[in-house]
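Enquirer: Right, I'll just put the structure down here and ask away after.
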């Protein structure tokens, strides 16, 4: 009941906040609502930004804090979705498959349309209000009418661009309670950030061009220095984020995107801190998340073993704390200083937190320079006493009960796209072996590989030696296609090789950065840091009123500094407190002198029952590709969940089949990592 009440209150608060965005460009808001709010919230301690923080910043931070409590209660009491069969949702079906937006569902298209309508409504409303008395305004300013219209048009574009900026940072906040409340994860929301980013930079570029022409005509080009650096940084990020550059030169895109720091700083200098409060909530939550990720990334984690596959693939196995729970398809970001101290790469977690309470596994296939260097180092015959690794995460969807809503799950993968399905199959394997009364769907895994040597990746599906779970308790059928070979190559059947690493005293298991009560701690950081931020502003304003006068840019600089200090102090305090609480458990895992039980006899025996069960469930097809239409349309009387993972072209092909209208029983879902 408490969670239901919180959810209803959050929904009403969010709807009221969205109504505010639609009312903001109107005459009613500017002439009636805003003056009353400013009069009632006028304070000696917070100045003119007090009202804007109350209107724009406080509601979202309050939603994020209350959302943390809601999620903590759900985690404490077991937050499970309905596991029964449900009809296929038409809103989640793909409506657009190919094009600049990628694969887009009806629901995503609806929200994108509403967002564009908000921008169009704001643009027309602002222009209508500004052009009403444009003649009088031009005469008072000594401008021609067209010059005044150009200036007002540039101002309008800036105001509308700020709406985009207000939503820009929510999708990239990986540990966001706001995203989790609406059922999204950061990795699934990256494409929304790309959409909003393109719209924002288009509008801001037009905004800058309008003012360049206006200032050139009125001989005020010196004004350019106030915002030139910010605009140049934004254009640099925009140019390198284009798909043609991002996919071919990812490192250039990655490093250039750190210019967002300068972009935001000079944006605040340009518009003033009071108006910047409009975009502050999303950026504030992003800063908290980014600093927590920084704290986690400074810890070395305990890499216990690596399994080397003959197909240029390696499975990394880490120790983890039992409180780290992750759902299927969760990801972690990995940094290996021996290869690059700056590069972080996302990988799917293949282990199951229910079945493997003290380990975390991930698979890396050599498909680029970084992954190839990693494989070469781990497969080197030279002895390795230790291997330094840092981790951020895990991140991802918390539950997997939606997988149980269908009669059959069709998992379609290409190449290394099979890795998310390893965790899905292991989750369903755990449910099937735990004696639960829940009905487990039939699983059809369709995987395509270029060469037969890549079939070794299928061995990762079966539990490792030391576990008693047999894959035969699942209704699993694997159809593997080797597209570039006509038959099996006997030379490719090489056993897996396991590399062990000696424990290091400074290594720690993978652990939750904020401990087992992470949502509650995150809510505490959000609320306490904001209170501290307000106190610092109040102190500065008090001295400001005592004849200590600062320029507006200096004041904005102080406010940004206070915000960073408040976040750093509260996040550090919470982190150190959790680290102290977990010290005994961490010391116990660090002092392990023998390999954990899950890797005794780590190299799989070919005669073992799990391996034989996997072979019996697998059919290999050489020299052909899967007939996806036949596979998907031959079961029209049952509910079919279709999940595609792999190359973009393959996912688009599957999405086109599911959206063709020839079958109403298909529920499509795509797995992709846009970065």
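Backbone N, Cα and C atoms are what each Cβ position is placed from, and that goes for glycine too.
For reference, TrEMBL lists these features for the protein:
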| type | residues | note |
| --- | --- | --- |
| DOMAIN | 296-401 | domain 'FAD-binding FR-type' |
| TRANSMEM | 6-30 | transmembrane segment |
| TRANSMEM | 51-73 | transmembrane segment |
| TRANSMEM | 109-131 | transmembrane segment |
| TRANSMEM | 152-172 | transmembrane segment |
| TRANSMEM | 192-215 | transmembrane segment |
| TRANSMEM | 257-287 | transmembrane segment |
| TRANSMEM | 519-544 | transmembrane segment |
| TRANSMEM | 556-577 | transmembrane segment |
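Situate these features within the shown structure.
Expert: Panel annotation: around the transmembrane segment (6-30), residues 55-56, 59-60, 62-63, 66-67, 69-70, 73, 118, 121-122, 125-126, 129, 159, 163, 181 of the same chain, lying at least six beyond its termini, place a Cβ under 8 Å from a Cβ of the stretch.
Within the same chain, residues 2-3, 6-7, 9-10, 13-14, 16-17, 20, 34, 37-38, 41-42, 79, 166, 176-178, 180-181, 274-275, 277-278, 280-282, 284-285, 517, 519-520, 522-523, 526-527, 530, 534 sit at least 6 positions outside the transmembrane segment (51-73) and bring their C-beta atoms closer than 8 Å to a C-beta of that stretch.
Outside the transmembrane segment (109-131), and at least 6 residues removed from its termini, the chain residues within Cβ reach (under 8 Å) are 21-22, 24-27, 30, 91, 95-96, 101, 149, 152-153, 155-157, 159-160, 163-164, 167, 195-196, 199, 203.
Within its own chain, the transmembrane segment (152-172) is flanked in space by residues 21, 25, 56, 115, 118-119, 122-123, 126-127, 130-131, 134, 137, 178-179, 184, 186, 189-190, 192-193, 196-197, 199-200, 203-204, 206-208, 210-211, 214, 267, 271, 275, 278-279, 281-283, 285-286, which lie at least six positions past its ends and keep a Cβ under 8 Å from the stretch.
Long-range Cβ contacts of the transmembrane segment (192-215) within its own chain (Cβ-Cβ under 8 Å, at least 6 residues beyond either end) map to 101, 112, 115, 119, 147, 150-151, 153-154, 157-158, 160-161, 164-165, 167-168, 170-172, 221, 223-224, 227, 231, 234-235, 237-238, 241, 674.
Packing against the transmembrane segment (519-544) from elsewhere in the chain are residues 44-47, 49, 53, 61, 64-69, 71-72, 75, 175, 177, 284-285, 288, 292, 550, 555, 558-559, 562-563, 565-567, 569-571, 574, 578: each is 6 or more residues past its ends and has a CB under 8 Å from a CB in it.
Tertiary neighbourhood of the transmembrane segment (556-577): same-chain residues 49, 265, 268-269, 272-273, 276, 284, 287-288, 291-292, 295, 513-514, 521, 524-525, 528-530, 532-533, 536-537, 540, 550, selected by CB-CB distance under 8 Å and a gap of 6+ residues from either end.
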Enquirer: Counting only residues 6+ away from its ends, which parts of the chain sit with a Cβ under 8 Å from the transmembrane segment (257-287)?
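Expert: For the transmembrane segment (257-287), the list is 47-49, 52-53, 56-57, 59-61, 64, 158, 162-163, 165-170, 172-173, 176, 178, 226-227, 229-230, 233-234, 236-237, 240-241, 526, 530, 552-553, 555-557, 559-560, 563-564, 567.
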Enquirer: Is it possible to list how many residues within the domain 'FAD-binding FR-type' (296-401) are helical, extended or coil according to DSSP?
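Expert: The breakdown for the domain 'FAD-binding FR-type' (296-401) reads 13 helix, 40 strand, 53 coil.
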